[in-house]
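Participant: So that we are looking at the same thing, I have put the structure below in structure tokens.
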Amino acid sequence: MAPFVEVCRYKPLPLSLSSLCTCPCRSSPRKSLVLPQFSEKYSEPLLSHSRFSPISVNRRIITAVARAESNQIGDDANSKEEHNRDQELQNVEEDSSLDDQKQKSRSQFKKRVIFGLGIGLSVGGIVLAGGWVFTVAVAAAVLLSAREYFELVRSKGIAQGMTPPPRYLSRVCSVICALMPILTLYFGHIDISVTSAAFVVAMALLLQRGNPRFSQLSSTMFGLFYCGYLPCFWIKLRCGLTAPVLNTGIGRSWPTILGGQAHWTVGLVAILISFCGIIASDTFAFLGGKAFGKTPLISISPKKTWEGALAGLVGCITITILLSKSLSWPQSLVSTVAFGVLNFFGSVFGDLTESMIKRDAGVKDSGSLIPGHGGILDRVDSYIFTGALAYSFVRLHGV
């Protein structure tokens, strides 16, 4: 008994059930359980008593170790089960969020397609009608676009670095921009009107109360040019160039009550080809960028890629060639390709210009008037500069 009592005077080593029941030469993968240390106060009398033998004490130790290890195994199993349950809940939440995002994107795409088709058919009918119908529609689009532009100028992102023009002057400029297409149809040109409007606006800014700022003048003058003057070239193209296109099949079969062959003028054909080229450019650029886009095009529009731009250029030229064969204008292939390239660059430049304005304003869309598309300015940005380029090309082409 003395040797055993002598051993128990020292602190017991950490034991486990596997260490007591397995061969000592084999390592056990289980974690060791640390037993509570026996104090010297109770260990010697307990072990030195006659009724406790080494065998009974050893059995008690093994039993305690087994109970403790079984409790730890149960705790580990419970914690593992809780972890698995949490992981399953997290996976379910992620799947539901992904499903919600997919459903939202599908709904957004459906709205975009439906409203896009409706707008396209409406614009096609307005372009074919021409005259006052086309002019009033352009004036309405210009008014809404100008309001959105001046709201972007007054937004928090741009207004932090500059002083925006007064709100009343922004509204006056929006009305002036909307009157420019009507004046273009009536007078045939708006050079004097634009100059007079710019002078009146500049004088109103200089004579306002407080301290006039150059940022107010520059943003207002650019608004008159961007939202008012440039769209007027579509009026000059559609209503000013009245020379008929000869040898066009659709012109020969056009009803006399709707104007007959004389209705199909160079301006109408050019504007139809330009509009279809811009739509093809945007569509092919979107699909090409979605499928092959890897190289960013420019920092102000991170989603645009060189691969998408190349696909848009190819699509615009292809549609222009197909329509020129059908409408018999332009006559030569070189002129047709040049017209398609010009429409493409005008579309891209207008899109990037509006992206720059929205980026400085800190907004994604210029408005929320059209579901799935944003504001009016988001839809017409590709057409703003293209009208002036298309009109210049037709005039240089000898019409």
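Our numbering is plain: 1 for the first residue shown, then up by one each step along the chain.
Glycine is no exception: its Cβ is also placed from the backbone N, Cα and C atoms.
Automatic prediction, not curation, is the source of TrEMBL annotations.
Per TrEMBL, the feature region 'Disordered' maps to 72-104. Residues or ranges marked as compositional bias 'Basic and acidic residues' by TrEMBL: 77-88. Among the features that TrEMBL reports, transmembrane segment is placed at 113-146, 186-207, 219-237, 262-287, 308-327, 333-352.
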Participant: Is it true that the transmembrane segment (219-237) and the transmembrane segment (113-146) have 3 or more Cβ pairs under 8 Å, skipping pairs fewer than 6 apart in sequence?
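Facilitator: Yes, the transmembrane segment (219-237) and the transmembrane segment (113-146) are in contact.
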Participant: I need to check the long-range neighbours of the transmembrane segment (262-287): which residues 6 or more away from its ends have a CB within less than 8 Å of a CB in the stretch?
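Facilitator: Same-chain contacts beyond the flanks: 120, 123, 127-128, 130, 234, 237-245, 248, 250-251, 254, 304, 308-309, 311-316, 318-320, 323-324, 327, 329, 339-340, 343-344, 346-348, 351, 382-383, 386-387, 390, 393-394, 399.
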